[in-house]
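Enquirer: So TrEMBL lists these for the protein:
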| type | residues | note |
| --- | --- | --- |
| TRANSMEM | A:7-27 | transmembrane segment |
| TRANSMEM | A:39-58 | transmembrane segment |
| TRANSMEM | A:89-112 | transmembrane segment |
| TRANSMEM | A:118-133 | transmembrane segment |
| TRANSMEM | A:145-161 | transmembrane segment |
| TRANSMEM | A:181-202 | transmembrane segment |
| TRANSMEM | A:214-237 | transmembrane segment |
| TRANSMEM | A:266-291 | transmembrane segment |
| TRANSMEM | A:303-322 | transmembrane segment |
| TRANSMEM | A:334-353 | transmembrane segment |
Amino acid sequence: MIKSKITLMQYIFLIHGVQMGVGVLTLPRELAENSGTDGWIAIIICWFLSIAASLVIIQIMKKYPNGTILDLLSHYFGKWIGKASHVIFALYFALLANVIFIREALFIQAWILPRTEIYIFILLLSIPSYLIVRKDISILGRYSELIFFMTLWIIIIYFIPLKHANWLHLLPLVKEGWEPILNTVKTSIFSFIGFEIAFFLYPFLQRKEKASMGIVIANTISLLAFLMITIGAFVFYSPDEITQYKEPTINILKVVEFQFIERLEIVFLSIYLFVISTTVLPLMFMTVFCTSQLAGKQDHKRHLFWFLLVECMFVVLFPPTYERNTILQQYIQQIGLILAFGLPLCLWGYVWLHGLFKRRAMQ
Amino acid sequence: MKRRCISIFVIVLVALLSSCGRNIPLEDLTISLILGVDLDDEMNLIISESSPVFNEDAKKNIETYQLKAATIRDSRKYFDALATGEVTAAKIQVLLIGKRVLEHEGWFSILDTVYRNPSFSINTKVIVVDGPVSEVIFYEPDDKPQMPLYLKEVIDKNYIRTRTVESNLQVLHRQMYEKGMTPTLPKIIKENDVKFVGVVLLEENGKYVDALSIQETSFLLILMDKQKQELTLSIPITTFTDEGGIFNKNMLSIDISKVKSKVTTNYKQGKFHFNYKISMTVNIIERIFPKDKVKEAELKKLIEKELLSRFEAIIEKIQENKIDPIGLGIYARAFQYEQYKKVEKQWGEALSESNIDISLDIDINGTGAIK
């Protein structure tokens, strides 16, 4: 049934790509609002949690190695639950892709092209999206891998503002006790959401014995990226000041200026669009993968076309605003939390019990 | 058929493409390089701007305007009415603020658009003018480059030589919001020429309180641990009686090649204690008095004494004015968080009651090429 295969590298960068999206642009502020400059500790806690959930996902998928979560659910719970899971996952991925896609356009509008309408961005972004997502998962995997290495140099630019840094901002560690830090976990956990696509990637993976290692590496790369950006922002901005900026991750680059180039944050954001695309495109793929499976079709091209068309219609009919997008994002993140953390745990318990009873029955 | 459909689709999209519609040739732009903010005698806000002219027919290569406006953004409509091209703020190099503005609380909010509008450069230098801004912005000396370039160079050069604080919009924003530090800005004055004269010290809310001379600023920068490549201090050794006459026979100039300034923070008996340990490696670069007047070991002691009295004078000035340009509050927050949080809102007051001790250790490295 599954023909295309992805390598371990593609698997790692697909997962990392989905985690690394628009959230990181506002992450330092969100952390600082809740727990000041201790926010980065919360990221490490989130990393532990997401690794635990990721490993559980892999354990579940091991029970049914040749199918996705959809096949697994149909196998254990019957046809109707299987069908329902198709719809739920399709809706979840569609909404998540929609939120990030529109947010991407909003960022371009705010920072780069303030006089252009949102629907034009969506229209223009739809074309390359269509061209990449219409093929199978291995194309997407290659794309994510390429973009990761292509944008790695952004890190170097991030080191330039650090010469103005004051590391004393980070002290003392755990200022107000652990309570605010644990509260921050609630918001920062969303940065790691995205690893649940492992539910779908696992059957495509060539060397399945490396799946656990791969997902740990993917989460760790994301952790390092988040840590670097948040700590960079915390030492650059005063703790009393950082909450003033909506997107401190972009603002911090405004101080970087060379003789031959100014407003480097525009260049950065333009290149960062590629990074955002590695979040959006796999989500779009997952959406149409679910719907085309539901319809019993192998080819998802037509579904993708309709998805993008609906997306364009949506922004024309309901011109998005930053506030509305944020509200929608908060809702969808709650669902993400259930699917990425709740579902694996419940399913793991069920699969384990199921195995136990089966063995009893055999005896 | 399919191919035709696609080609039509592509043509439609190309027509929709952004950024082709609103292009402006450079010569049609009025690129402000200096923005001035000042108050006139009736306390009206005066905004001024200066921009280069790219036109062969124009006799002067710079145009400068000054006008009354409610806010900075509001001033743009008046500038557009005056200037040749569309006025743009994206390339402002220098922001001049009149000292009169700083004498009133709450002036910082007038700069809101500078931070809100992403097209403003955050690296714009912020300079205080002692006197009317118009005198500086309209000043066109024959022997200098255009004012924006000149001002930028003057501040940059003095910054490299450890004579002025770092000051741009980003730093100002940080210092205004930081509770454990008060802002400092470089100051220029227009007499016969426009010149840099030191820094101004502001209160937590931005109000002007005091000023430091150029040499005092160097000492402040050592306390802030922000010395740059070059740092020279010229001091009279006051223990020698100045024999009078035209030439100050007790002057000594030292070039400080290495400075380490460490602060330890303590809280004892309801007071903050800051202990500075400053160690310097110095070269004597100029010594007017004869060699036999003092032995080298004694000279070291004498220099230490002189420098120490200057550091203490600055500390005294800071404590008297209840401000914290050094940023000792950041140290207090890092090392004595609980106590600091209690006094965070009145940090200047807490600092004025605290103990700041300085111990100085000088190492004379060289005395130059002549005996």
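Every residue gets a Cβ built from N, Cα and C, even glycine.
TrEMBL entries are annotated by machine, without manual review.
Describe the structural context of each listed feature in the structure shown, including burial, neighbouring residues and relevant distances.
Expert: Long-range contacts of the transmembrane segment (A:39-58) within the same chain: residues 28, 30-32, 173-174, 181-182, 184-185, 188-189, 191-192, 195-196, 198-199, 202, 211-212, 215-216, 219-220, 222-223, 226-227, 230-231, 234, 340-341, 344-345, 348, each at least 6 residues beyond the stretch ends and with a Cβ under 8 Å from a Cβ of the stretch.
Sequence-distant neighbours of the transmembrane segment (A:118-133) (same chain, 6+ residues past either end, Cβ-Cβ under 8 Å): 101-102, 104-106, 108-109, 139-140, 143, 277, 280-281, 284-285, 288, 304-305, 308, 311-312, 315-316, 319-320.
Proximity of distant same-chain residues to the transmembrane segment (A:181-202), defined by a Cβ-Cβ separation under 8 Å and at least 6 residues beyond the stretch ends, is recorded for 6, 11, 14-15, 18-19, 21, 23-24, 27, 30-31, 34-35, 38-39, 41-43, 45-47, 49-50, 53-54, 57-58, 61, 65, 68-69, 137, 174, 208, 211, 215, 218-219, 222, 226, 279, 282-283, 286, 289, 333, 336-337, 339-341, 343-344.
Same-chain residues lying 6 or more positions outside the transmembrane segment (A:214-237) and placing a CB less than 8 Å from one of its CB atoms are 8, 11-16, 19-20, 24, 27-28, 31-32, 37, 39-40, 43-44, 47, 50-51, 54-55, 57-58, 155, 158, 161-162, 164-167, 169-170, 191-192, 195, 198, 205, 245, 248-249, 252.
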Enquirer: Between A:7-27, A:89-112, A:145-161, A:266-291, A:303-322, who has the most Cβ pairs under 8 Å to the transmembrane segment (A:334-353)?
Expert: A:89-112
Enquirer: Ranking A:7-27, A:145-161, A:303-322 by the number of C-beta pairs under 8 Å to the transmembrane segment (A:89-112), which range is first?
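Expert: Top-ranked stretch among A:7-27, A:145-161, A:303-322: A:303-322.
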